[in-house]
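S.K.: Sending over a structure as structure tokens; questions will come in a sec.
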Amino acid sequence: MNVSGCPGAGNASQAGGGGGWHPEAVIVPLLFALIFLVGTVGNTLVLAVLLRGGQAVSTTNLFILNLGVADLCFILCCVPFQATIYTLDGWVFGSLLCKAVHFLIFLTMHASSFTLAAVSLDRYLAIRYPLHSRELRTPRNALAAIGLIWGLSLLFSGPYLSYYRQSQLANLTVCHPAWSAPRRRAMDICTFVFSYLLPVLVLGLTYARTLRYLWRAVDPVAAGSGARRAKRKVTRMILIVAALFCLCWMPHHALILCVWFGQFPLTRATYALRILSHLVSYANSCVNPIVYALVSKHFRKGFRTICAGLLGRAPGRASGRVCAAARGTHSGSVLERESSDLLHMSEAAGALRPCPGASQPCILEPCPGPSWQGPKAGDSILTVDVA
């Protein structure tokens, strides 16, 4: 087997057994192929939904977009190469990719963890201080934060460009750690602290305070409003994504800590644990689109619309478009818009009715004919694509 991945894996082939047929040489690449397929399709759809119609204009959407970019880069640039360490006897991709692949693994891992920490702070400010945080929670500041995220990610992952190198080992060309053990241990500890421990602490603190505020709101009217329900929905979705990140990357970091500070003998059992930690951590890059599809009605509609367009079918029911008279504009995240008072009232109506004037609640309705008279002055027309 090829030598790559976590510290202490230098004798992975010996741990996996001698000659003969290795089941992991078939099973693991198939699982990596599944991760690659689901992750590529899912994250591409997420980016398409957010970019379609200029919807990535809120701070939350920009952070979700950045998370999708990091996951897609990881899937495309890392997973195919890492899958070969269980099938090929040596590293066949050259010295440059030996360094670049591992650098990209840690670059995207840092970017994902920093993005989740940033979006947790964004959700806390949006819910706890909705008015005072408006000047801070702007698309421009979100883009600046994303730039800072990638800058810090480059800073912390840059040393991995020299951490690994291609060399000859037992008549095989392998890609393995080149640093001395003390330097590798210091680097791995720094990676654990800055890419996992600190972001997890930020996530835990912000979401604990956010959930406490949401579920202990003293104003029953505000607590039952559509805006509050929308904020709860988007917070729940981001919380699930953050929890999955913590759980999926935990085995990877636990294994590394065991290598440096515990007992990690090279046996078939520890070899299986190493494979499992790889699969679980890499699978994190393909689960987020599944979470979005399960939690967000907007993403489900967007996925169906894009897939229907690719298949050459007209998406939607009946006319495929609906109209609504709404006062003002909506600038929140995709989840907040879909859970706004407008949509809650339309669902409660149970049937489609003509759009009333501005003095009455607005209900989604089929697009009327030319004889329909528009809303009064001061109202605006909101056109919604229905998948």
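Here the Cβ of each residue, glycine as well, is placed from N, Cα and C on the backbone.
Below are the features listed in Swiss-Prot for this protein:
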type	residues	note
TOPO_DOM	1-28	topological domain 'Extracellular'
CARBOHYD	Asn2	N-linked glycosylation site
CARBOHYD	Asn11	N-linked glycosylation site
TRANSMEM	29-49	transmembrane segment
TOPO_DOM	50-60	topological domain 'Cytoplasmic'
TRANSMEM	61-81	transmembrane segment
TOPO_DOM	82-99	topological domain 'Extracellular'
DISULFID	Cys98-Cys175	disulfide bond
TRANSMEM	100-121	transmembrane segment
TOPO_DOM	122-141	topological domain 'Cytoplasmic'
TRANSMEM	142-162	transmembrane segment
TOPO_DOM	163-187	topological domain 'Extracellular'
TRANSMEM	188-208	transmembrane segment
TOPO_DOM	209-237	topological domain 'Cytoplasmic'
TRANSMEM	238-258	transmembrane segment
TRANSMEM	261-281	transmembrane segment
TOPO_DOM	282-387	topological domain 'Cytoplasmic'
S.K.: Relative to the transmembrane segment (261-281), which of 29-49, 61-81, 188-208 accounts for the most Cβ pairs at distances under 8 Å?
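M.R.: Maximum Cβ contact count belongs to 29-49.
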S.K.: Take the transmembrane segment (142-162) and find every residue of the same chain, 6 or more past its ends, with a Cβ under 8 Å from one of its Cβ atoms.
M.R.: 59, 62-63, 66, 99-100, 102-103, 105-111, 114-115, 118, 122, 178-179, 187, 190-191, 194-195
S.K.: Among 29-49, 61-81, 100-121, which stretch has the most Cβ pairs under 8 Å to the transmembrane segment (238-258)?
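M.R.: Stretch with maximum Cβ contacts: 100-121.
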S.K.: Here the disulfide-bonded residues are Cys98, Cys175; which one has the lowest number of other Cβ atoms no more than 10 Å from its Cβ?
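M.R.: Checked Cys98, Cys175; of these disulfide-bonded residues, fewest Cβ neighbours within 10 Å: Cys98.
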S.K.: Going by DSSP, give the three-state secondary structure for Cys98 (disulfide bond).
M.R.: helix
S.K.: From the DSSP assignment alone, can you count helix, strand and coil residues within the topological domain 'Extracellular' (163-187)?
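M.R.: With helix first, then strand, then coil, the topological domain 'Extracellular' (163-187) has 8 helix, 12 strand, 5 coil.
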S.K.: Averaged over the topological domain 'Extracellular' (163-187), what pLDDT does the predicted model reach?
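M.R.: Averaged over the topological domain 'Extracellular' (163-187), per-residue pLDDT gives 92.
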S.K.: For the transmembrane segment (61-81), give me same-chain residues lying six or more residues beyond its boundaries with a C-beta closer than 8 angstroms to one of its C-beta atoms, as numbers and ranges.
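M.R.: Result: 32, 35-36, 39-40, 43-44, 46-47, 50-51, 55, 93, 97, 100-101, 104-105, 108-109, 111-112, 115-116, 118-119, 122, 139, 142-143, 145-146, 149, 241, 282, 284-286, 288-289, 292, 333-334.
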S.K.: Taking residues 6+ outside the transmembrane segment (188-208), which of them lie with a CB under 8 Å of any CB in it?
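M.R.: Sequence-remote neighbours of the transmembrane segment (188-208) are 7, 106, 109-110, 113-114, 116-117, 120-121, 123-124, 156, 235, 239, 242, 246, 249-250, 253, 256-257, 260.
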